[in-house]
């Protein structure tokens, strides 16, 4: 509650509108799951593995297609699109799976579902400008981004189902006779 109160007081004192604050929140979430994530990963590679990343500042002014150095002017950003796209897919699948599970299991499962739905919608709403930009460029979204995102979302979903952290596990090994089925 104190963090929320501090945030509201900072908004009031600075004169920032709610819309500007919300855009800033969206910007930080999108940056946090894409560019900042890769910056941390590259930092770990440099510190732990001694791998140096090459970065060359080049002019982004219009390059001709026939230019031998034309590829220097291209921004290779597809890897930055994969983590946010994966998060969107995971949350959308989670919403569908959660609602279908609640429908199948009856009244008792709707209570815990609302908290999970809230956080899934919260992530999707924060990443909405990213999704709008990704889908707004019709036939321009790199197919590799969608393929990697679906692959990663599938792997994370299967691991999550295997771990199943919301079901209490008995401590110790499960000892039951299994006969020929072992």
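Cβ coordinates come from backbone N, Cα and C, glycine included.
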Feature transmembrane segment in TrEMBL, mapped to one of the ranges 27-45, 46-64: 27-45
Candidate ranges 27-45, 80-100, 112-131 - greatest C-beta contact count to the transmembrane segment (143-163) (under 8 angstroms): 80-100
